[in-house]
């Protein structure tokens, strides 16, 4: 039983990387990206491109990123978040979150002037000695550490790896719990790690979605303590009792025990646990010592099919619900769940069963209709599905769930589906979604914002805030979705962390 068998007592350390190139043209992962980072838009050809040309669409995304970045430079430079509507900024982590989260997007889109300015800030202003008692370990790892690692790989500039190591060292105390699972919060100044004041438990997705970044930091620096921490996390969760591969959304990080009888969801607090199972296996070059993670992924997807997948009525859309109390099915699907079609397609590309791709295609259609069935063409935060045979509509949205905060998951999965299947309908679906963002979330003179009500086209209620993942994920995935260049971050050589930061797949090891 892959969900209960213990992993090998000692997993081999991650393979050390080959020397990264110091100059373009030298073989190596960074050189491969540098070679593919030519301008994605053919010089002089834009005037001849039709409205439906993927390159024309890519240019529109580039313009959206420029408009978004303009707001950050004008109102929030060096701050964590930008509020374009109020022309102000917000502090969350105190470490230039949006700037670091956006570095690789700027690089991929060829925005060299903006990259140079951001790099100067990283070199001269970035400081992780932040005295805040409850800095979230998960968010810091996936956004800041992941962003710095990918910026290093795309640029070969050692300043980003230097800063990544500085951050990794400050995060290490969070991994010193008795169980090996990380504490949820840390003070980066004092090194004091803790769980939230409101609970003794942590979100399962948060404690289980930091291994890609930690292992890559060890691989690049030769410092094994980060990979050792990642290995402890993966082993503890592998050995935990599960329901057909499924985990509840809370875990006690002190004891390492899952909250049995708790809600099972692939949405909030559960999602990236599953995503990182398959991606850890792929990252490690599918090495034998990481096969237990592949087995956990296969068991989990069997559990999803058995317990969580249902069909709506009357049009029989496949969707993924939740198990309340671990037993009672709820036809509630967070937008966050729409990462799953992409993860299934990525897994299929790396040798997982064909039925995974079939489920991905069905769920991708469902995620898309959560957009097309609203007045704005934008999806709500949460969709409920009707399963009664007498239902007139397949979906409904509760009043408190009508907001859209520019989440990336559907666009992310469209990108994977396009790359894996080559079916252009996924590009077309993405274009429809992009146009809705343009119509309802763009503000002047700069920026894009969240909205309060996707069901009200007349007054969707623009909010002041723009999330950093709009820059890091949503716009990046739009840009890649509309690219005809499959050699731009090819999926057989790269993976994306849960904040869309690309990291290289390691050479296969025994």
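Just so it is clear, glycine is given a Cβ too, placed from its N, Cα and C backbone atoms.
Remember, predicted model here, so these are calculated numbers, not experimental data.
Here TrEMBL flags 1-21 as compositional bias 'Pro residues'. Under the heading region 'Disordered', TrEMBL lists 1-53. The annotation compositional bias 'Low complexity' is assigned in TrEMBL to 22-35. Residues annotated as active site, proton donor in TrEMBL: 139, 381. Look at TrEMBL and you will find 271, 409 tagged as active site. Positions annotated as disulfide bond by TrEMBL: 338-367. Per TrEMBL, the feature Ca(2+) binding site maps to 498.
Other Cβ atoms within 10 Å of the Cβ of residue 338 (disulfide bond) number 30 in total over all chains.
Neighbour count (other Cβ atoms within 10 Å of the Cβ, all protein chains): 29 for residue 367 (disulfide bond).
Neighbour counts were taken as the number of other C-beta atoms within 10 angstroms of each residue's C-beta; across the active-site residues 139, 271, 381, 409, the minimum falls on 139. Long-range C-beta contacts of residue 498 (Ca(2+) binding site), restricted to its own chain and to partners at least six residues apart, with a cutoff below 8 Å, comprise 142, 209, 271, 272, 275, 276, 339. Ranked by Cα separation from residue 139 (active site, proton donor), the recorded positions 338, 367, 381, 409 are led by 409. The CA atom of residue 338 (disulfide bond) is located 11 Å away from the CA atom of residue 381 (active site, proton donor).
Secondary structure at residue 271 (active site), as computed by DSSP, is helix.
Distance from the CA of residue 409 (active site) to the CA of residue 381 (active site, proton donor) is 11 Å. Taking only the Cα positions, the spacing between residue 409 (active site) and residue 367 (disulfide bond) is 9 angstrom.
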